[in-house]
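Following: one structure in structure tokens, then a few remarks.
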Amino acid sequence: MSMAVYNNQEGEEGNPFAGALTEFSQWLWSRPLGNPGAEDAEEEAIAAQEELEFPEDEAQARHSCLQRTTSWATPKEVSPSGRVYQTVRHSRMEYSRPTMSIRSQASYFSSSARPLPPPPVPSLMSWTPIAKYHPSSPTSTSSKFLRAAPKLIKRG
């Protein structure tokens, strides 16, 4: 069993799903994984964070990821490998500049009889070109250029 929840948002105001996803993510992350009474339970936790700054645009990008995997022994009837693996991950990316703020977050939960390869975590380097500022102000054209007659270019 695995489940992934994604939420892309530009500002959280007016987004009815923003609060629900945040609550679900907090519940999922705080949820005890594994079999609390198992003596041979193994747990692995990973926390990663990266930041980029774009001084020319006065912009910042941040990515944080928390992942926890727990495994424990189980009868062969339940799992052919003899272990059960549960993984929970929460990933959050933010991009902000003076005129805009974008947030994206994803939560992931899986339970399996064998360790699953980790789902790809979006890299900040691949995400920021999408959000990076590109000047979009309308071009201003002086009226003297509009009145000038077009020049004819002769090619020999």
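Glycine residues also receive a Cβ, built from the backbone N, Cα and C atoms like all the rest.
Around the Cβ of SER71 (phosphoserine), the number of neighbouring Cβ atoms within 10 Å comes to 24. Residues annotated as phosphoserine in Swiss-Prot: SER71 (among others).
Counting Cβ atoms from all protein chains shown, SER79 (phosphoserine) has 17 others lying within 10 Å of its own Cβ. Taken from Swiss-Prot, the feature phosphoserine applies to SER79 (among others), supported by similarity to another entry.
The phosphoserine feature in Swiss-Prot is assigned to SER137 (among others).
The phosphoserine annotation in Swiss-Prot covers SER140 (among others).
What Swiss-Prot records for 38-54 is region 'Homodimerization'.
If you look up Swiss-Prot, you'll see 55-81 (among others) marked as region 'Disordered'.
Among the features that Swiss-Prot reports, region 'RNA-binding' is placed at 57-156.
For 133-156 (among others), the entry in Swiss-Prot reads region 'Disordered'.
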Integer Å distance between the CA atoms belonging to SER71 (phosphoserine) and SER79 (phosphoserine): 12
Model confidence over the region 'Homodimerization' (38-54), averaged pLDDT: 83
